[in-house]
């Protein structure tokens, strides 16, 4: 049940969660000695370890999850975390970062539209202006940052088939991530007895098991070789930041926000994810944003403020499927 009072608590939690997720944009570029699979497995192993400790400590406070709820958690953990990441990584390896980054910038718009389609809370005409501002703003940012390299990457790939495959992988990643955000929100809305902390821990437990299951495959593929010759401390610290901060803490805040905000408004809050990643990137690169980047970010944030105003008067909502 969404409370129809002030959206400020939910907005604050959603924005904070998305801002914490921005770390995931920066850390891989700081760990070039480590493969994406190694970073992913270590992140979710830490997430699973923390979740298991919290789950054991607080298990008496948690309502038991049914087998259907555990299956729902498993599907969300596997698709929303692992599948989305692997598809995005495959796309970047195939065609470079430009096109995938442009497409992933549409995540907040897709989540808001799909969420409102599943549970019609507002007329789509009311959502169009803020969503258009968010989309155009993120497009301006990404075109200024990556746009000039798109043609070069297509030339480097040297084949239309490779470009098409990379594009399909990026679109699939966007679709999977959109489904995850909306399905996770629908589950929490329809299962109020499951607390944000419990759900975050359940996802973490399953992701930890998935990481342990994938570890032998990673070793067979050659990951983990020559660890002694690489900087281990930054890798461990990054794994802790990603696992505890982005995954565990960010997940708790996001799950709580999902219970306080309309789905279409929660979707718009995801805009803080790429913007946070940009801010952290500027800090790492020790530079200020270009005028186009600043304009695009301002447009995207302005779209969020328009969205808050547009969703301040909700209409009667249909009940979404469980």
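Glycine residues also receive a Cβ, built from the backbone N, Cα and C atoms like all the rest.
All TrEMBL annotations are machine predictions without curation.
Noted in TrEMBL for the protein shown:
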{"type": "DOMAIN", "residues": "9-142", "note": "domain 'EamA'"}
{"type": "TRANSMEM", "residues": "7-27", "note": "transmembrane segment"}
{"type": "TRANSMEM", "residues": "39-58", "note": "transmembrane segment"}
{"type": "TRANSMEM", "residues": "70-92", "note": "transmembrane segment"}
{"type": "TRANSMEM", "residues": "98-118", "note": "transmembrane segment"}
{"type": "TRANSMEM", "residues": "130-148", "note": "transmembrane segment"}
{"type": "TRANSMEM", "residues": "160-182", "note": "transmembrane segment"}
{"type": "TRANSMEM", "residues": "203-225", "note": "transmembrane segment"}
{"type": "TRANSMEM", "residues": "231-253", "note": "transmembrane segment"}
{"type": "TRANSMEM", "residues": "265-284", "note": "transmembrane segment"}
{"type": "TRANSMEM", "residues": "290-308", "note": "transmembrane segment"}
(Q) Please tell me whether the transmembrane segment (98-118) and the transmembrane segment (231-253) touch - that is, whether there are at least 3 C-beta pairs under 8 Å between them, with each pair 6 or more apart in sequence. (A) no
Q) Restricting to the same chain and to residues at least six past its boundaries, which positions have a Cβ under 8 Å from a Cβ of the transmembrane segment (160-182)? A) 76, 79-81, 83-85, 87-88, 90-92, 94-95, 99-100, 103-104, 106-107, 110-111, 114-115, 118, 154, 263, 266-267, 270
Q: For the transmembrane segment (39-58), find every same-chain residue at least 6 residues outside the stretch whose CB is under 8 Å from a CB in it, and list them.
A: 27-28, 31, 81-82, 85, 197-198, 200-212, 214-215, 218, 223, 235-236, 238-240, 242-244, 246-248
Q.
Cβ under 8 Å, sequence separation of at least 6 from the ends of the transmembrane segment (70-92): give me the contacting residues as numbers and ranges.
A. 36, 40, 44, 99-100, 104, 166-167, 169-170, 172-173, 176-177, 179-181, 183-184, 187, 199, 202-203, 206-207, 210
Q.
Cβ under 8 Å, sequence separation of at least 6 from the ends of the transmembrane segment (265-284): give me the contacting residues as numbers and ranges.
A. 7, 10-11, 14-15, 18-26, 29-30, 104-105, 107-115, 130-131, 134, 138, 141, 181-182, 185, 257-258, 293, 297, 300-301, 303-304, 307-308, 311
Q.
Could you give me three numbers for the domain 'EamA' (9-142), the DSSP helix, strand and coil residue counts?
A. 114 helix, 0 strand, 20 coil
